[in-house]
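Student: Reproduced below are the annotations present in Swiss-Prot:
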type    : residues                                                                 : note
BINDING : R5, K6, Q147                                                             : substrate binding site
BINDING : A60, M61, T62, S90, N117, K179, S204, T209, G253, V254, R255, S274, R275 : FMN binding site
BINDING : E148                                                                     : Mg(2+) binding site
Amino acid sequence: MTTNRKDEHILYALEQKSSYNSFDEVELIHSSLPLYNLDEIDLSTEFAGRKWDFPFYINAMTGGSNKGREINQKLAQVAESCGILFVTGSYSAALKNPTDDSFSVKSSHPNLLLGTNIGLDKPVELGLQTVEEMNPVLLQVHVNVMQELLMPEGERKFRSWQSHLADYSKQIPVPIVLKEVGFGMDAKTIERAYEFGVRTVDLSGRGGTSFAYIENRRSGQRDYLNQWGQSTMQALLNAQEWKDKVELLVSGGVRNPLDMIKCLVFGAKAVGLSRTVLELVETYTVEEVIGIVQGWKADLRLIMCSLNCATIADLQKVDYLLYGKLKEAKDQMKKA
């Protein structure tokens, strides 16, 4: 069942197209008089206890099947060559099946910046086992309640999740990132996570891979919930009050360097990409994908130069305009 389900996730992730992307409702104000040379632009950022050379990473996607193994090897090669973080999909499949080697990418990519992922439904003992076996630089702990509810074989008991989060925060020996899975993390959840000691979250909003869509494609039911959750930019707007206390990572529908920059303008420390990179490795050779990702770095620098920003922190000073749903939501937030 696990193998079939993981391969279905890949298939349905690749086929879905979102009719709305919140990044299109943000317009950045161009600066006509430049302040910096292009070679002065610094892309480095800091989160999860370390400095990173680039403000984007390959986010958790897959594992637990032969197809997942093939994809993970390609993604690991891209990430290692480009010097960016790669986070594997949920390690739960390997915990259930010790012979599953679909997550074993470090031996063939020794310089890889590797993260891994586990669900908050799993007790901390399994999180500790995951860290021991994978030796990651960070551990994503994902929350996916709507996905679980839509899965015929999904979890139905959730009372333990908060105590699990407290345990993870206290006992896991590497930095943890509390991660949504495409439904947009709300401010109250960030507040509760902060109380438990969490200092880094991935908001992962609607607009990219929809696990509601994926599970409804698998079961053929409840497709009216396919657009459940908050869009990525909406989740980021909602989290503004927390950006000085909690490191905000952002993912969900990020398509290109301009989308990345828009996240960074609103205080994100870094930006995760899943389906965009998955589509690339399924369409082009690994060498071609490496060239594309390296090009993203150059594009980030030129956009920052045109905005008069020498550092990632400078981007938070950029003026912007909001349109459509984002503007309406921000106006409502002002009145609340």
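Here the Cβ of each residue, glycine as well, is placed from N, Cα and C on the backbone.
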Student: What does DSSP say about N117 (FMN binding site): helix, strand or coil?
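Tutor: Note: N117 (FMN binding site) is in a strand by DSSP.
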Student: Select the most exposed residue of T62, N117, Q147, S204, where exposure means the fewest other Cβ atoms within 10 Å, treating these as the binding-site residues.
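Tutor: Comparing Cβ neighbours within 10 Å for the binding-site residues T62, N117, Q147, S204, Q147 has the fewest.
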Student: Long-range neighbours only, meaning 6 or more apart in sequence with Cβ under 8 Å: which ones does G253 (FMN binding site) have?
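Tutor: Long-range Cβ contacts: S18, N21, S22, F23, G205, R206, G207, G208, S231, T232, D259.
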Student: Near E148 (Mg(2+) binding site), which residues of its own chain have a C-beta under 8 A away, given they sit six or more steps off in sequence?
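Tutor: D121, G154, E155, R156, F158 - these are the non-local Cβ neighbours of E148 (Mg(2+) binding site), listed in sequence order.
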Student: If you draw a 10 Å sphere around the Cβ of R275 (FMN binding site), how many other Cβ atoms fall inside it, taking every protein chain shown into account?
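Tutor: So the Cβ neighbour count for R275 (FMN binding site) comes to 22.
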Student: Within 10 Å of its Cβ, which one of these binding-site residues (A60, R255) has the largest number of other Cβ atoms?
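Tutor: That would be A60, with the highest Cβ count within 10 Å.
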Student: Rounded to a whole number, how many Å is the Cα of R255 (FMN binding site) away from the Cα of Q147 (substrate binding site)?
Tutor: 23
Student: Whole-number answer please: how many Å between the C-alpha atoms of T62 (FMN binding site) and Q147 (substrate binding site)?
Tutor: 15
Student: Do me a favour and check the Cα-Cα span between S204 (FMN binding site) and Q147 (substrate binding site); whole Å is fine.
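Tutor: Cα-Cα distance, S204 (FMN binding site) to Q147 (substrate binding site): 14 Å.
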Student: Looking only at C-alpha atoms, tell me how far N117 (FMN binding site) is from Q147 (substrate binding site), rounded to the nearest Å.
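Tutor: Computed Cα spacing between N117 (FMN binding site) and Q147 (substrate binding site) is 16 Å.
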Student: In Å, how long is the longest CA to CA span across A60, M61, T62, S90, N117, K179, S204, T209, G253, V254, R255, S274, R275, which the record gives as the FMN binders?
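Tutor: Greatest Cα separation within the listed binding residues comes to 23 Å.
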Student: Rounded to a whole angstrom, what is the C-alpha distance between Q147 (substrate binding site) and R275 (FMN binding site)?
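Tutor: Roughly 17 Å, rounded to the nearest whole number.
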